[in-house]
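As structure tokens, the structure follows; a few thoughts come after it.
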Amino acid sequence: MASARAALLRRHCLAAATGANPTLFSGHGLRYRKLEVILTTTIDKLGKAGEVVKVAPGHFRNHLMPKMLAVPNIDKFAILIREQRKLYQRQEEEVVKEVRQEDVDAKQQEEKLKEYQTAAKRLDNALLVLRRFISTGNELRSPVTKDEIVSEVARQLNINIHPDNLHLPSPLASLGEFEVPLRLPRDIPRPEGKIQCTLTVKIRRK
């Protein structure tokens, strides 16, 4: 749509420059006067897009008009320029909105990653203590499951994790201290000198 408008603008401009608007070029003595033109783009030392400036007729015919840098300052061109600027302004606003949304999404992603890193570090340094009844020896009356560990992590450490974040093939069935591997996203850095984060779970007699 923008290209069609530009083509239409070029045709009207050429018509004006080649005689359709005789007041600009054909009047006796007017060829040495400066013309009022509307800039279609910002030009250094001349003006900004949309501004009306005065230029030499030859400069307009030979440089500004062929490159569609300016059009004659008459009503029909002024209307076209205003419509074109409205279109470009809407397009620019849409681009700005998209860029701002991308910035917001990137910032949210960065903040979320920092939260994960902080939580992973706390889990790796934590000692989760559970007390259970025993049946015989060191055997627990009821084994400790993933769901129980998840619940205790939320209660003791105020960190919410999912059972899938724990690598626990079978429930913990005896007293003692256990290193439970954590399954975390790959983009979360691991503790220095460790292949993966772990949660230390200590089960004591109740």
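Cβ atoms here come from the backbone N, Cα and C positions, even for glycine.
Per TrEMBL, these features apply:
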COILED    81-126  coiled coil
DOMAIN    36-72  domain 'Ribosomal protein L9'
DOMAIN    115-188  domain 'Large ribosomal subunit protein bL9 C-terminal'
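Across the residues of the coiled coil (81-126), the predicted structure has a mean pLDDT of 74. Taken residue by residue, the domain 'Large ribosomal subunit protein bL9 C-terminal' (115-188) breaks down under DSSP into 26 helix, 24 strand, 24 coil.
Secondary structure by DSSP for the domain 'Ribosomal protein L9' (36-72): 8 helix, 13 strand, 16 coil.
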